[in-house]
Amino acid sequence: MYYGFDIGGTKIALGVFDSGRQLQWEKRVPTPRDSYDAFLDAVCELVAEADQRFGCKGSVGIGIPGMPETEDGTLYAANVPAASGKPLRADLSARLDRDVRLDNDANCFALSEAWDDEFTQYPLVMGLILGTGVGGGLIFNGKPITGKSYITGEFGHMRLPVDALTMMGLDFPLRRCGCGQIGCIENYLSGRGFAWLWQHYYHQPLQAPEIIALYDQGDEQARAHVERYLDLLAVCLGNILTIVDSDLVVIGGGLSNFPAITTQLADRLPRHLLPVARVPRIERARHGDAGGMRGAAFLHLTD
């Protein structure tokens with residue numbers, strides 16, 4: 001059995017999957033915030049309960065926001081203070097007497113989608129998250145490409161390309177990002193960025209769901225806004241695809257619930273790609289809230 005943990009600032013969620021990649025059981029407990037020992041106990045108790053329930057010693061994978069393992073072997077995860085700065089993988093492997101694998105939550109999202117029954121036909125899969133921020137992951141032959149610093153797939157911190165500035169206007173504001181750089185595409189393509197673009201052009205403070213509701217009602221201003229956003233997304237994604245050249249792009253995050261993102265994006269991409277490039281298949285994520293647990297569990301699938 002494959003045990004997948006989706007760990008965040010408020011909850012530890014465990015999903016148990018069988019060899020057919022089907023969810024058999026899940027359980028959630030609060031994330032201890034102050035005690036590392038309590039954090040380890042919470043994870044180990046869930047594993048013990050699953051082992052007893054299924055009569056086996058399941059493999060353990062964990063998805064967690066941040067950098068799963070720094071150069072000194074410790075976790076960096078600002079949203080999980082009880083475990084941040086601690087050698088989480090080594091400590092859990094020792095206590096559970098098995099190989100524990102960690103990856104960041106964005107890679108686990110991408111891995112979950114790459115192992116969808118229909119999507120396994122694609123060797124190179126890009127997961128793109130358009131949510132509070134912009135991120136994602138790359139999966140090749142069923143395994144995440146992490147890089148030495150676990151920043152592969154941090155698409156949101158690429159800067160706006162020149163053709164985007166030409167499209168939006170050379171006086172378009174280059175916003176400072178939380179990472180310290182200027183002009184990161186996260187500030188324009190995330191859900192917050194979608195709302196910021198609206199306020200920038202129309203001087204009205206609306207949130208993304210409100211703008212999308214206007215779009216669905218046929219509001220001309222909202223439709224012009226969505227056209228502009230999709231053009232900007234196509235420019236930025238075209239630049240990424242020139243490097244990655246994936247077979248499939250799976251879009252998750254809050255904006256993935258807006259059908260225009262997946263239905264209208266592919267037609268805009270060719271003019272931003274090399275003439276010989278083929279537009280990848282573009283799909284909305286299929287596994288929702290279970291994606292983090294699925295992806296973490298599937299860190300062991302290609303053994």
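Cβ from N, Cα, C; glycine included.
Per Swiss-Prot, Zn(2+) is bound by Cys177, Cys179, Cys184; the candidate from His157, His203, His225 named for the same site is His157. By a simple count of nearby Cβ atoms, those within 10 Å, the most crowded of the binding-site residues Gly4, Gly8 is Gly4. Separating the Cα atoms of Thr10 (ATP binding site) and Cys179 (Zn(2+) binding site) is a whole-number distance of 23 Å. Annotation for the binding-site residues Gly133, Gly135, Gly137: lowest Cβ count within 10 Å of the residue's own Cβ, Gly133.
Between the CA atoms of Cys177 (Zn(2+) binding site) and Asp6 (ATP binding site) there is a gap of 27 Å.
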